[in-house]
Amino acid sequence: MAKGVAVLNSSEGVTGTIFFTQEGDGVTTVSGTVSGLKPGLHGFHVHALGDTTNGCMSTGPHFNPDGKTHGAPEDANRHAGDLGNITVGDDGTATFTITDCQIPLTGPNSIVGRAVVVHADPDDLGKGGHELSLATGNAGGRVACGIIGLQG
């Protein structure tokens with residue numbers, strides 16, 4: 001079993017820890033808790049780079065090894081890093097579990113060393129009709145991020 005972890009940091013007071021597990025070549029399970037967010041939906045993505053030298057802005061675009069447009073996690077045409085939305089309660093906290101088959105922890109398309117990013121706004125899943133829908137899901141600014149590392 002492969003395991004990964006990302007500790008989220010933010011200049012806006014958002015904190016969290018995200019865990020990743022994968023059995024063999026199976027799906028990857030993503031689970032975590034994020035706090036300090038406004039209630040509602042927030043876009044949640046794996047970005048291409050594990051670079052936080054300029055905060056979350058230097059994490060690059062969504063992880064997209066197949067060169068597809070943005071979409072929902074269940075869509076055939078989507079970035080590998082498109083994980084949809086997390087739901088934040090009235091207390092500012094989201095606790096979630098997501099399973100996905102396009103974010104392996106091993107192999108040539110591994111997400112280890114890349115970043116996970118929480119966005120300010122809901123991800124429209126590529127269906128919003130906004131000019132940014134098919135690129136970013138029009139999910140707004142990057143409010144927290146962390147580099148995905150291997151966990152023992």
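Cβ coordinates are placed from backbone N, Cα and C, and glycine is handled just like the others.
Annotated Cu cation binding in Swiss-Prot involves H45, H47, H119 plus, out of the candidates H62, H130, the residue H62. Only H119, from the binding-site residues H62, H70, H79, D82, H119, place their Cα within 10 Å of the Cα belonging to C145 (disulfide bond). Taking a C-beta cut-off of under 8 Å and a sequence gap of six or more, H47 (Cu cation binding site) has these contacts in its own chain: T59, G60, P61, H62, F63, G81, R114, A115, V116, V117, C145.
H70 (Zn(2+) binding site) carries neither a helix nor a strand DSSP state and counts as coil. Spatially, by CA atoms, the recorded positions C56, H70, H79, D82 include one closest to H119 (Cu cation binding site), and that is C56. Comparing H79 (Zn(2+) binding site) with H45 (Cu cation binding site), their Cα atoms are 9 Å apart once rounded.
Same-chain residues with CB within 8 A of the center of the H62, H70, H79, D82 CB atoms, the Zn(2+) site residues themselves not counted, are H45, F63, N64, K68, T69, G71, R78, A80, G81, G126, T136, G137.
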